[in-house]
Each structure stands twice: as structure tokens, then as C-alpha cells.
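One structure is given here, and the rest of the page talks about it.
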Amino acid sequence: MATFKDACYHYKRINKLNQTVLKLGVNDTWRPSPPTKYKGWCLDCCQHTDLTYCRGCTIYHVCQWCSQYGRCFLDDEPHLLRMRTFKNEVTKDNLKNLIDMYNTLFPITQKIIHRFINNTRQHKCRNECMTQWYNHLLMPITLQSLSIELDGDVYYIFGYYDSMNNINQTPFSFTNLVDIYDKLLLDDVNFVRMSFLPTSLQREYALRYFSKSRFISEQRKCVNDSHFSINVLENLYNPNFKVQITRNCSELSVDWNEACKLVKNVSAYFDILKTSHVEFYSVSTRCRIFTRCKLEMASKLIKPNYVTSNHKTLATEVRNCKWCSINNSYTVWNDFRIKKIYNNIFSFLRALVKSNVNIGHCSSQEKIYEYVENVLNVCDDKRWKTSIMEIFNCLEPVELNDVKYVLFNYEINWDVINVLIHSIGKVPQILTLENVITIIQSIVYEWFDITYMRNTPMVTFTIDKLRRLHIGLKTVDSDSGISDVE
């Protein structure tokens, strides 16, 4: 059983504040929820289990029981998950306030101990102080957290997470902030709490405390497309698709890292809860993570033989050719932007090949093919530039004054002509490696300009950012025909 979940279940009965703050979906009646997919720790109840996606950020971080309350660590309502979430620079005072909140919600005193023991001793087999009956008293106060970086902001979700060695398929990584506070001060807090426990429970408490307060922080993970809801990934190739998210909000006016102080003023806390409401947003999927996902998918379907072919049609419209016809049944081709990028890049590359190398048919086997397969994914900059350089070298360039040149005198489509004029000011007859890199980048950037594109989608924005963008009508990008250049 998850210690944090047990503590919330038992401690919520001691007063009105706890009854409100410690209410977890995992301790209530189960309701239908989206199917689970990943293994990890539920941020709401801290148990290690199968996770489903959050309705507030679409990341897999909530269990099927807790999903009924729809709580997200990015909410603006002072529920327990939000009060345990700290952002960016965490100070010693912030951690002191967190420890005070734990002591307020999960006190260990002689009175509390007697109360729990009396409630538990309903049968002779429960007379002994065994851990299975008093698991809720064995939750030490630690500065253990799960952290995640989202577009430059680092979030720390504090809690008591059991079994840290279990499989973790989420983008969150364990971080220990005890050095920011003070190990000896934290030891003192826990030794005082432990002194009230029966002797038979003190050893278990001490073991749990030291194992969760002396661990080495993990390396922070990179967020990728697989960490988001499968519903989002399945609709990425629809340019008009918008993600629907819900956020729990209230008139919370305190600084982000000071929300945990609200439990000290019960009347003020309940006044804020009276303003609680849910806000709905439709946001764009436009970001580097999802753009990379689409370009990588298209890269797997590339037919490089087209660059040596004599077909009169665009690369995506070739039919009945064993070497050049692509499989149009894949959903990635539903995105007209991917098709345009594919057609224009292959029109340009074929013009380069035909201008410089004597290859007459697409059935021939050429070394250049292995480098063409990486030409779409500009998000992997180092690998992409290496591929372009190898393609350039396969064109047998001529060196003049330490600069290599290739010819460019083959027919291209009008879209590529416009890109050439926009990127280098004319339709040239000779090109350098830098020109080739610039032109292919411009073809992709016309629709997916990753230079200024945010890394993670808008679903990971805080509520104040979402509100500002919503007022400016910027939560939805115009993807239905308007390019980044336009």
C-alpha cells in the first residue's frame, strides 16, 4: 500500500481542513477513466501503478482512480497536489513552509498516536503495533520530489514516493532538495516525530526516512512525444486538430512557491476554495516535440530513388513505380504541409542530382540514397547537416578557391522557385554547400519554423500564460493553409 495514500485516508478524519485537503480520488469510489498505459508514480496519491493521461496537460501522471478529480500540478486551485508543486528557484524558506504544511496536515503527537491506536484495535490480531496497521504513521517528512522541465521552467512535485527503484515510464525524475534546506534540521524534525511512535515502529520510520532523504538525484529526463496522450498523437496529422484541456482555477494570488502556506490560515483557505471553477481551453499542438514526431514518421516512408528518376509528377503522386511510389495510406500524409515539404525537397534534390551526376533511372542503386533518408528531420540538427554534406559530396562538386560548387540547371516546380528567390534572392545556376543547407531549411521552415518554435506544446503552460494567450487569440495557431513565412 502507498504510504502517502494511506496517510491521506486516515488523517483526513482528524479535522475539517484535512477532510478537504486530503481528499483523494484513490480513496473514494472508483469511476470509469481513460485506459491506463504507462508505469510510474501518480502525482496525486504518490502510489506506483498504471497511469492514465491528465486532462489538464495530457501527460501520463495520474492513476485511474485519481483521474476522476482531474487535478494537475499546473492548476491554479490550491488543492494538495498544487500546494506540493514548486517551480524553478526553490529557497530554504520555501522548503520550511512545505515542512510546516506537512506537520499541519500529518501531525504526530501523543494524542494522535492514541487516537489511531484506539481506532485500529478492533480485534486481538491488531493489538500489536505492526506496520500494516500503522502504515499512515510511518510517512516521514522528506524533501523527495519528482521533477520535470517544461520549456525552461522546472517543476518539483514533492511527496512521499515508495519503491523508487520501480519502473518509471514518465518524464518525471527523482530529485532530492535536502541540501538546499539542511540535513540536520530535517533530521531533527523527523526525530521529534519519531519519538512519539511506539518503539516497534520507530525502526521502520527511521529506515524509511533515511532511504528517502539521502538518495542521489537522478538526471533530468527529456520530454518526448510518447509522454503525451495517445489521443493527441493519433490526431497530430490533422492540421486543424486542437487539444481540449481543463484546468482547476481559483482566485489564487500568492506566489507559486508559497501556496503551501495557505493551510496556516484556514478561513482564508476556504474563502479561496469558494472561488474554485474549471476553465476549458482549446490549444494548438504546434511545438518542436510533435513536429519532430511528424518529420521522423515521414522520414521512415521516404523513397530516395525519386532523386534519380524521370517522373513528371510530384514525389507523393508517383503511381505504379516499384522504387518511387510511397504508401499514401499512412496518416502522416493527411497533413498537407508534410506533403508539400516532401515534394519540394525531392524536386530540389532531383534537380541537383540530374545537374551533376549521370544517372538515368530510378531503378539504379546509388550511394546517395542512404543519405537522402535523413533529409527531412531538421530537428536533429547535427545528423541532418551531416546528411546534407554527404549528399553534396555525392554530387562530385568542383573546388575553386577552397570553396566547392555544384551545378543547378534542371527543371524544378514553382514552389521551389519561390523558396529560392525568398532564401537566396534568385534562381542560381551554381550552388555551394551553404546554399544547399539554406534552401532545404527554408523549404521545411516555410511550414515548420523550429527556430522560434516552443519545445513542448501549450498544454504544459501555466494557467496565467494560457489566459494571456487566450485573450490575444493565440492559443490556436492558424494551420489551415497559412505558412510560417506568410
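The backbone N, Cα and C atoms fix where each Cβ goes, and this holds for glycine too.
These come from Swiss-Prot:
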type	residues	note
REGION	1-81	region 'RNA-binding'
REGION	42-79	region 'Zinc-binding domain'
REGION	82-176	region 'Important for cytoskeleton localization'
REGION	317-486	region 'Interaction with host IRF3'
MOTIF	479-483	motif 'IKBKB-like degron (ILD) motif'
MOTIF	480-483	motif 'pLxIS motif'
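Counted with DSSP, the region 'RNA-binding' (1-81) comes out as 24 helix, 15 strand, 42 coil.
Tertiary neighbourhood of the region 'Zinc-binding domain' (42-79): same-chain residues 1-5, 8, 21, 24-28, 30-31, 33-36, 85, 146, 155, 157, 159-163, 166, 169-172, 227-232, 243, 245-250, 252, 259, 262, 269, 272-273, 276, 278, 457, 459-464, selected by CB-CB distance under 8 Å and a gap of 6+ residues from either end.
Secondary structure of the region 'Important for cytoskeleton localization' (82-176) per DSSP (helix as H, G, I; strand as E, B; remaining residues coil): 34 helix, 20 strand, 41 coil.
Residues belonging to the region 'Zinc-binding domain' (42-79) score a mean pLDDT of 94 in the model.
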